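Per Swiss-Prot, the feature ATP binding site maps to 15, 35, 36, 37, 55, 56, 77, 78, 79, 102, 103, 104, 124; the stated evidence is similarity to another entry. Feature annotation from Swiss-Prot assigns domain 'RCK N-terminal' to 5-121; the stated evidence is sequence analysis. What Swiss-Prot lists as domain 'RCK C-terminal' is 138-220.
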């Protein structure tokens, strides 16, 4: 393992879990894929660092896998709600730093929140929000709900904003909103100089409360 490589574990290898594994692995991270289904584990073994058949609703299994050594653990167990909740509880009690969990509905999400899940994803709901935001504003290229009312969005600079600076947009004056960076061509500039003059086609990446982001984008 290279120093500085992030380590992720994904528990549950349905379509969602496998997609998460592949994206994380392609980004250069170290990925452990876990499922009770041997066929799914074999599929994941073709592209992740390590794939194991195991049941993470057992405390001994979680201890043996040393999940507390991982930067993040994603619990992507789909159909079995009880297994998802139990795996989350065991992971938190084992000292896992950051537990992300896929939830099927708001009731499950509330239960997961109460037992300590650090981040809850509801894929169908989140995709619906993303699509709606992009339909409402064609400048929005990506809209990612992050949970707890927060979202990250990427929007493109058009003719109305050309020649203005990042400071002129006053994004950071909106409570809770931060500019993470912007993209010009292939280059991504993190922590950008707010005096940067914008050009048509620049992508601006911001994070903040969903409602405040939406209202601010309408005003630009």
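Just so it is clear, glycine is given a Cβ too, placed from its N, Cα and C backbone atoms.
Since we're looking at a predicted model, the values are computed, not measured.
Largest CA to CA distance in the ATP binding set (15, 35, 36, 37, 55, 56, 77, 78, 79, 102, 103, 104, 124): 26 Å, whole number. Under DSSP, residue 103 (ATP binding site) is assigned to coil, being neither helix nor strand in the three-state scheme.
Ranking the binding-site residues 36, 77, 79 by C-beta neighbours within 10 Å puts 77 at the top. In the three-state DSSP classification, residue 15 (ATP binding site) falls within a helix. Counting other Cβ atoms within 10 Å of each Cβ, the lowest count among the binding-site residues 55, 124 belongs to 124. Annotation note: residue 36 (ATP binding site) sits in a coil segment as assigned by DSSP. This prediction places the mean pLDDT of the domain 'RCK C-terminal' (138-220) at 82. Taking H, G and I as helix, E and B as strand and the rest as coil, DSSP gives the domain 'RCK N-terminal' (5-121) the counts 52 helix, 26 strand, 39 coil.
There are 23 other Cβ atoms within 10 Å of the Cβ belonging to residue 103 (ATP binding site). Residues of the domain 'RCK C-terminal' (138-220) grouped by DSSP class, helix first, strand second and coil last, total 17 helix, 35 strand, 31 coil.
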